[in-house]
Each structure stands twice: as structure tokens, then as C-alpha cells.
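K.L.:
Okay, so Swiss-Prot annotates it like this:
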| type | residues | note |
| --- | --- | --- |
| COMPBIAS | 111-123 | compositional bias 'Basic residues' |
| COMPBIAS | 124-137 | compositional bias 'Low complexity' |
| MOD_RES | D89 | 3-methylthioaspartic acid |
| REGION | 105-137 | region 'Disordered' |
Amino acid sequence: MPTIQQLVRKGREVLVEKSKSPALDSCPQRRGVCVRVYTTTPKKPNSAMRKVARVRLTNSKEVNSYIPGEGHNLQEHSIVLVRGGRVKDLPGVRYHIVRGTLDTAGVAGRTQRRSKYGAKRPKAGQAAAPAKGKGKK
């Protein structure tokens, strides 16, 4: 516990809040160009081939960003919209690409949680396609 005189001399140090997505420069999203599109493996104990893109943002910073959903149409020089949000089992991936905007297509055949994957609403007359792996053998 400091004395009053010590506080007068030095004062309390203010804690600075650190951003979890510093490359966005306090913006909700940023536009960018894909520099490299590749797959990588997650940390233990998970196993998969996660789709990731290296993106150069409009503020000339480069970030690794995750491509959510099944399948994508991204390649080098694709224009994408990047938002914050890390992927827990991929070290160094602190951003997500927004599906269904700019050059990024929405996830095809998606019927639930469509807004998160940029999928359009299916036509009312069409029967829902059977879900993968749920059919009878």
C-alpha cells in the first residue's frame, strides 16, 4: 500500500485495454485482397484441413483469415471482406472472411444459420435436400 506522498509523486498506472483484432484499426470490417489461399492443420487434439487465406487489407496490413463453411470459391487476387474473430485451434488466425460479400460466394445448400454463411433463402416450393450422412443405408 503506497503512502499519499508516493501517490503524489508517481500516481497509479492506468491499465491499457489491448485490441484482439488490431489490424482492423477499430473498424468492424475491412476489405482486402487474397495473397495466398491454403489449408492448414489445427492444434492437438483436433484433426482437419482448415481453409485459410492470407489477406492484404486496405490499410496495407497482412493477416491470416479463416474461410468458414463447406467449400469456397476464393483464389489469389479475390476481393474479400474481413471481420474479427479468432479460430481457437489455429494459432495466428485472428480474423474471419465474411461469406456472401464481394468475391466470396455463400455456402451452397445451406438451410440453417444461413445468415452466417451468406446463403440465400431456399425456394418455398422445393423440398429440402436430404442432409449429408443422415439418410438411411
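From the backbone N, Cα and C atoms, a Cβ is placed for every residue, glycine too.
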K.L.:
Can you tell me how the residues of the compositional bias 'Basic residues' (111-123) break down into helix, strand and coil by DSSP?
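P.N.:
In the compositional bias 'Basic residues' (111-123), the DSSP-based counts are 4 helix, 0 strand, 9 coil.
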K.L.:
What residues, ordered by sequence, lie under 8 A Cβ-to-Cβ from D89 (3-methylthioaspartic acid) and sit at least six positions away in the same chain?
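P.N.:
Listed in sequence order: P42, K43, N46, R50.
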